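Structure first, then comments.
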C-alpha cells in the first residue's frame, strides 16, 4: 500500500480537504502554463485546440476554464501562442496533477498527458501525448512553457 502523507496521518493536526486555506507545513504553489504550439497532432486538415486542467483537492481542481482558441485546418504544426494559463493557488501540490489535453475542433479526442505538479520542471518542454489507455503516442507533442513558484498572496505581492 502507499502510505498517506505525513500531514494526513498526524493526530495533532486537522486536515480538511474542502478548505481553501493552506495545509500546515505545506507551501502552496502557483503554476503557469503557456501553450506555444503542437507538433504532428493529427494528419487530417482539421482545427485543433488545447485544454489545460488541474485536478487535486476540491480547492485545487480547475476544469474547462483554460482552453486555447481553435487553430483552423492545421493538425501538423498549429501555433497557439496565447496568454499563459495561471493556476494562482495550488493548496496541496503533493496531490495535484496537471492535465494537458488536445482535441479536434469538433471535440474528438486526440491525446492528453497527466503530470504530477510536484514533478513539473520549469522551462520550455515538449509534452508527449498519450491515448485514452495511457499508451504513449509516437509523434504528437505539445510545446509549452511551465513556471512553478511558491504562492504569494495578493496582500504581499510587490513588497520587498
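Cβ atoms here come from the backbone N, Cα and C positions, even for glycine.
These features come from TrEMBL:
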- 9-137: domain 'C2' (DOMAIN)
Can you count helix, strand and coil residues in the domain 'C2' (9-137) using DSSP? 4 helix, 59 strand, 66 coil
Model confidence over the domain 'C2' (9-137), averaged pLDDT: 91
